[in-house]
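Peer 1: Starting off with a structure, shown below.
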Amino acid sequence: MAIIRVYCGVFLGFIRGAVFAIGYTLVYHQLIFTWQGPPLNGAYVEVHGTVQQTRVLGATQFVTLRLNDVADYAVPFYQNHLLSVAVHANQPVAMGAKLSADMRVKSKRWRVNYDVLDRRIYGFLHGFSFTGSSAKNITITNASPSIRQHYLTWLKAQLQPLELKGVYLALLSAERSDIEPKHNQFFKHSGIIHLLAISGLHISLLYGLCFIGIKCGLWCVAHGVRSGQWQQALTNRLVAGVALLISGIFVLLCALPISAQRAWLMLAVFVWLYFSRQHYSLSRCLLIALACVLLANPFALLNIGLWFSFLAVAAIVIALVQSQRWHWLSRYMFIQLWLFIALAPLSAATFGGFSWASAPMNLIAVPFVSFILLPLLIVVVLTGFSEPMLWLLRQLDLALSSTLEGAIELGPVLWFSTGELDTTVVIIYYLTVMAILIKPSLWPVCYAGGLFVGYCAQQWVCQPRWQLDVLDVGHGLSIVISRQGKAVVYDLGPSYFSRYSIVKNTLLPIINARGLQVEHTIISHSDNDHAGGLEHWLQAGYGHTLKPFHNGNPGICRMSELSWHGLTVRSIWPNSNQQTDNANSCVVHISDGKYNVLLSGDITEREEQQLLTLDKIRPVDVLVSAHHGSDSSSSAAFIKQAKPKVVIHSSGVRRNWQMPHPEVFARFDAHNAEQYQTKLQGGIRVQFYDTEMQIKTAKADKSYWFISD
């Protein structure tokens, strides 16, 4: 009976905890995240906000506002709702300024695709709720920048002459936008990118330096004045409290990243337990810090940084416990091994790979950052960039930058790409590690092996013969046809301001996550919404894939037929040079002998009629509608001949374009075609099996109760 009471008590405690957690999360969501103001569906409203961020691209300046007042509704101070709006670059907008304007406001729409991180979660966590357009009657009242903005401006001005200024800025402020892409990529490939996050290393070093500095200062003053009052003030508790306060101010200046919150909370708990003479341990501090973080924001669990941060510390705790009597060097190497064991699967699930060299790289990088670079940066800042300290930093910067430039070429060699790693595999892995820690034996490994084999068998049986992915790219088109790890890409989506492109931010991450080998690329025509990412595609090394259908010239589509891994890929238009880019669209027919797909580019009703006259249109199972569903295409005669069972419209949300057009939608509906829209359902995935064809949508498979889209 005693055993039953114990287990019942544990079970009831678990139930009470679960009920509290669910209730707390629901209340928190309603109070902090839910918009309580008037519905904003594109109507003109008066908006008042505080400028949080500005970015100039060409003649346009993109401003991010924290909303204070919308249509006479005062946004509660504890809610963080952000609005993005474009204003002319000639109109200067300073950080921290108050901006008022009349504009159209609507809920922000994020692109949702398979195989990549869901940007809606990022927007949800950071408050990106709305977008504004057609702003007029703009009034800007400059205000004093925040303390963090002053701090960032000061740091950027002082660090400007240095080669690795972006790295130093990240180490001192958690602002990583100034790191050069090539450096950021090398840090990722080598497994040392975690050193750029504000974490326990930064907080403990700052705390230690402040503790020693304050104590030495008080000691000197006390012995110089020889006053009893100073002697009484010279206590470890006072010094520890001040050092902890300074560390907390630093965390605030860094905008409260999750890793810094965890580190400071663990430090605060440790200091409190130590001076209250209670039993303390790293594991206890870690659990208390996790509880505090989740009480402050239960949705922090959606932040992948939290998982990396807490898993890393948990791995360190485990390694320290298991190597208590080892030599310090052996313990240090053992810690690096445990960090690799703990973080490699999470890295593979998040980034599609991990650094196989992270353990040896960290053996070198961690001591260097811990004992040389970071202490020097902290001292440089605490001394106000004094000339002697700045001279030392310049010498170190020269040596470090030259070493980094020489090592960058090794980056790709250090990275092991795993492709898409399913969450199920990651869960099995961590459960196995936990089971081995609880009861060291081979049985957990055997059970995990059985589960893994069963999972792999199930995946192999359920694998489609081939797959078509119409990506959610806004107004534009990009399609990936894949089979047996190989891929054909049709169109590359748009780019904006020659900097942001669908290729860099969506297409390449999807290809890397799935471990696909792209063998052929087809560009329908040269419009930006179809070929805007071509420059970035060529930079990524895919120029050779243009040869079969373009002979290296993406502006010309050749009539060609290709037998590709059991599929026939055939271009059926244009048969001659046409007058417009849309008319020159490369129309492609794909077939496996049973299922047929037609990709129609931006052809108009005129080209459709010519294809019908040439008798090139056959009934298809899947049709990607021409010109995003515009009324200039998809004629009744064309639809009647194609007889599509499934129609996919790749279009954006701009209402003035009306894509797909209601009349086009009605024409397809009259032929009982099942229709999908990327602007409503996200990426569309069509999987072809021996006996059936399955259609999935990203928004349906990535549905969250706390996100309304």
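Cβ coordinates are placed from backbone N, Cα and C, and glycine is handled just like the others.
Positions annotated as transmembrane segment by TrEMBL: 6-27, 192-214, 234-256, 300-321, 333-357, 363-385. The domain 'Metallo-beta-lactamase' annotation in TrEMBL covers 475-653.
Show me how these features fit into the shown structure, please.
Peer 2: Within the same chain, residues 295, 298-299 sit at least 6 positions outside the transmembrane segment (6-27) and bring their C-beta atoms closer than 8 Å to a C-beta of that stretch.
Same-chain neighbours of the transmembrane segment (363-385): 155, 158, 168, 171-172, 190, 192, 195, 201-202, 205-206, 209, 213, 332-333, 336, 392-393, 396, 400, counting only residues six or more beyond its ends whose CB sits under 8 Å from a CB of the stretch.
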Peer 1: Let me check one thing: do the transmembrane segment (300-321) and the transmembrane segment (234-256) come into contact, meaning three or more Cβ pairs under 8 Å with sequence separation of at least 6?
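Peer 2: No, these stretches are not in contact.
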Peer 1: So what's the average pLDDT for the domain 'Metallo-beta-lactamase' (475-653)?
Peer 2: 90
